[in-house]
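Participant: Annotations per TrEMBL:
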{"type": "DOMAIN", "residues": "128-241", "note": "domain 'CAAX prenyl protease 2/Lysostaphin resistance protein A-like'"}
{"type": "TRANSMEM", "residues": "25-44", "note": "transmembrane segment"}
{"type": "TRANSMEM", "residues": "50-68", "note": "transmembrane segment"}
{"type": "TRANSMEM", "residues": "89-109", "note": "transmembrane segment"}
{"type": "TRANSMEM", "residues": "121-138", "note": "transmembrane segment"}
{"type": "TRANSMEM", "residues": "159-178", "note": "transmembrane segment"}
{"type": "TRANSMEM", "residues": "198-222", "note": "transmembrane segment"}
{"type": "TRANSMEM", "residues": "229-251", "note": "transmembrane segment"}
Amino acid sequence: MTLEVQYAGAVDSETSGARAKRPVLHAYLDIAIVVVVLVATNLIAHFTTAWASIATVPIAAVVLLVLTRRRGLGWAELGLSPRHWRKGSLYALAAMGLVIGVVAIGAALPITRPFFMADRYATLSGALVASMIVIPLQTVIPEELAFRGVLQGTLGRVYGARGVFAAGSLMFGLWHIASSLGLTSGNKGLSGFLGGGVVGQVLGILGAVVATAAAGVVFTWLRRRSGSLIAPIALHWSLNGAGALAAAIVWHTTMA
C-alpha cells in the first residue's frame, strides 16, 4: 500500500467520523434551543402583560413545532402521526375515565373536599369557560405540544427512555414554578394545610413542582406507550378541566 493510499484512507475515516458527530451535535443544539425558548416563554407569560399571559404559550408552541419540523423531526417523533390516532384515543378514553372518577370521589369526600375550594372557580359559568376554552387552548394543548411533542422528540434523538423521562419531567415541574406563586393564598384547603405565610408559599411551590413533575412522568409514559399526543392531552385536560368544574361545584354547594 502506497503512502498516498494510506493518507487518503485516514482522511476518509476522519471525514466520516466528523459527519457522524454532526447529527448528534445538531440534536444537542435543538434541545438547547427548545429549552431556551421554553424558559423565555415562561418568563414572558408570567411576568409581563396580561395579553402576554394569554397568547405567549400557544404562540411559542406553534413556533417550536415549525422550528423542529424544519430541523428534521418527523410527525411520529412529535406524537402527531395519524397512524397512532386510534391507539392514542383508546388510551385517552381510559385516562379520562380514571381521572374524572377520582376527581368526583375527591370532591365528594369531606376530607378532600376543601382542597377544591379555589377562588378562581367560584362560579359555574367561569369554570365552564375555563374548562372548555381557556384550559385546552391556553394550557393543555400548547404545553403538551411543547413538552411531550417538541421537547420529548428532541430529547429522544439523544437520550434513551430514562433520560427522556427524567429530563422532560423535571423541565415540566420547573415550568410550573411561576404559575404556583400565590398558590396557597387562593386555595382554602391548601392554605389551611400548609399555612398562608412565606413557609406555606414555599411549600406550595415545592409541592406544585413535585406534583407536576410526577404528572409529567405519566404524560410521558402515555405519549411513549400510545405514540400519540392525544392521550397525554386528554389526561392533562382531565386533571385541569375536570378539576375546575369540580371546584366550581364544590364552591357552589358549600357556599349555597
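Even glycines carry a Cβ here, placed using N, Cα and C.
Quick one: where do these features end up spatially?
Facilitator: Residues 52, 56-57, 60, 63-64, 67-68, 71, 73, 146, 150-151, 154-155, 157-158, 171, 175, 178 of the same chain lie 6 or more positions beyond the ends of the transmembrane segment (25-44) yet place their CB under 8 Å from a CB of it.
Under 8 Å from some Cβ of the transmembrane segment (50-68) lie the Cβ atoms of residues 30, 33-34, 37-38, 41, 44, 78, 137-139, 141-143, 145-146, 149-150, 153-154, all in the same chain and six or more residues away from its ends.
Long-range contacts of the transmembrane segment (89-109) within its own chain (CB-CB distance under 8 A, at least 6 residues past either end) are made by residues 115-116, 222, 225-226, 228, 230-231, 233-235, 237-239, 242-243, 246-247, 249-250.
Counting residues 6+ beyond its ends, the transmembrane segment (121-138) has Cβ neighbours under 8 Å at 54, 57-58, 237, 240-242, 244-245, 247-249, 251-252, 255 in the same chain.
Beyond the ends of the transmembrane segment (229-251), by six or more residues, the same chain brings 78-80, 84-85, 88-89, 91-93, 95-96, 99-100, 103-104, 106-107, 113, 116-118, 121-124, 126-128, 130-132, 135-136, 139-141, 143-145, 148-149, 215, 218-220, 222-223 to within a C-beta distance below 8 angstroms of the stretch.
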